[in-house]
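Okay, structure first, notes after.
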């Protein structure tokens, strides 16, 4: 589907019988995320990049009720980085506003070559940032020696996944009154933690991305699992960082 | 659909193939709320106003099994405020009684122009009222500096939503043996907190409304999210009110 | 459907296109209870009485996968109370054993005229019995001043439901190695608490009944809600019994 | 279906309209396990043995989206125990890698004659191993006097199930960086605890098996229930092992 043709008939961009087409996949993913408690009360969202085309959920919709016709489409080629507040959309739904998350999703696409970015308001993510705040405004979440850590890639441009004994580090940025204003801090966190696939936002939630939908979603699931485990470990008085690498396995 | 015609054939009022028709929407919403744990064991409910027509779930039904034929309909025009216990229904299901929540739903419709009102028995709502009771019978729930607060409108007749640093305040009223008797206290709370879209009822649950179904539902989801977070924050020793507005975001 | 005819062709007893027929309803209820965590790993179950016919789930099935053809049927008329271990079934599925819960379900039917009895292994029920055990082997669960208490009838043969300020009392019996051996203790608890619609079994779960499926199910939902709330209240240091009846509601 | 024929057309091995066929059952079970939180972010999995044929989910798939065509099949006859890293598959999906869990599943099949083995990353399992670690690296989980314990068989080759007063013992092995390396420790735990149907893996999850799919699944459900209960009991200060056998049941 050529972009030029699409501009003449923008609805072509979001019309497909393929359930894997981004305009179909974003609504079905968001409905799934709603049942997981990741997106609630219009908070949170998801964006998919297909080559230069970016598909975005609108602002303020009920996430479990989204339809393909609600989806925005823009081309990365058309965006002027110097004026990122004024975006050109190839296709806009008639009754909505673009999501305030848009520049954050674009940062994952342009700076990390991501194919999908998910934003959740998961309780576990928020509680982790609150626990870190209570520990002196710590700006990084760290956990190691948990099997689920293997669910993460080693980093942008690197081959393979983290190991069981590796420490997963997710940077935390402070929240801002306007979500778009988070962009520069998110980009700075990407610079400071070049291998991360996620950034936590204090008292707000998390942004998670991946090379494609599969990787973004499974990394987001693994991260939510780890955030939940971290809160539960805290409640049980168990530390997030341990030194079990030297414990030799035993015949029990 | 004219009301005069409806009185001759009341079932017309609840017969539609449109899933967005209130008589179809109330059952599907209640089924969804049942899976969320908001309405259980016949507790809780939902009402929708369409102009002067008010659609109401009956008392005592299993909320996930409700059918359009179970729905009561009344006209706001026909109600005599001086005798609100004696209501005239345009359409009544044959085997049920009207919900005791009816006058509370009507208060949201007549005093705040709401288009939908939801009543939940959510654990999180009840626990928040119990925690406030333990803190000296506090009559208001307050939380700030959580992103999900943005899910609420600024107030009746005001444009826009609350900001991240704004404090969300939800009044708490004491429960009464008969649910209808709550009405005057709910109305008084509306007067005392003119901008609120919700009233907590001690040891009982919460009433949440909005200009339309979309807003009532997303505000109710946001509120349940915040109640849950508040209970979890309490368990972790974290305060509901903080002063993070002055913390400048940082490049991590 | 006459019982005499049924004996000649027992499968008639469990063959119906009506989703409300007990042989269809038990599987659909059990599947719902499985999603609620009430019946897991073949534990728990449900029985329905229609006049003298009793429909029972078999022992050891996966509760979310039950089929009408798995259902046992017996007639209350055929049972010899003096030899209750030797039961006559009008219809038995070919490959299963009768549930060990059978005599407990029958106690609710014969002694309380119940139309449905539900047995859950809900965590909340088990935790409540453990908390009571830690408080000196207490043999009754008591809670008051919670709205959901209104979800219970006043008692066998009484009209109306409990009020908000009433104290709900659920007796607790000790578990026995063989579930059938619980019967005499369950019957004794029914005698000691003639108005109860439920009996807790220490470290095991709960039996809940009602005049019909609707009442048994909504009372079971209300009770599970209250058990969960009670555990959460305990974790937050809040007492189950309070004296708020005298607190006058206020204009907030 | 003869194995010889299958090798000529391997897709025959995973093509069936029977929902109980392993190639259909593994995807539907994994989807169910995903909703239970047992398999998330590609972690966890399930394998079924039908006589000598073993059906395996591939590595790295989204567990709720698995298809029959994703399934690996191998024959137990073809495996050389001395070279278990080099396995011969009768059928391999085109785009995946075999699961690292494969040798662990095979251990259950060859050493215990299991018909199905499930591997979960359940939070409750991981938290139990962490609590045991905090108690001096304990290498066995023990619980007694809980009804759900009856959900387990007495052991390999034994008739009947555990009783209410029996102590369920699940060995714990330390995790290894490479999942395949767990195999020898899992096998050693099987030797040390010949009656167990499950092995916990520290900071990782649990392997649970059974004579057939029914038994593996219901034992896994019962175990997850007990792990959850154990964590909750720990939070409430209640011990996992008690001595209630001598408490005589009472007429309450």
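Keep in mind that glycine also has a Cβ here, set from the backbone N, Cα and C atoms.
Just one of D:178, D:204, D:214 is listed by TrEMBL for the same Zn(2+) site as D:119, D:121, and that one is D:204. Taking the C-alpha positions, the distance from residue D:101 (substrate binding site) to residue D:119 (Zn(2+) binding site) comes to 8 Å. Taking only the Cα positions, the spacing between residue D:119 (Zn(2+) binding site) and residue D:147 (active site, proton donor/acceptor) is 24 angstrom. Classification of residue D:119 (Zn(2+) binding site) by DSSP places it within a strand. Filtering the recorded positions D:101, D:119, D:147 for a Cβ under 8 angstroms from any Cβ of chain A leaves an empty list. Using a cut-off of under 8 A between C-beta atoms, the recorded positions D:101, D:119, D:121, D:147, D:204 that neighbour chain C are D:147. A distance of 27 Å separates the Cα atom of residue D:147 (active site, proton donor/acceptor) from that of residue D:204 (Zn(2+) binding site). Taking Cβ-Cβ distances under 8 Å and a sequence separation of 6 or more, the neighbours of residue D:204 (Zn(2+) binding site) in its chain are D:121, D:126, D:129, D:175.
The number of other Cβ atoms within 10 Å of the Cβ belonging to residue D:147 (active site, proton donor/acceptor), over all protein chains shown, comes to 21.
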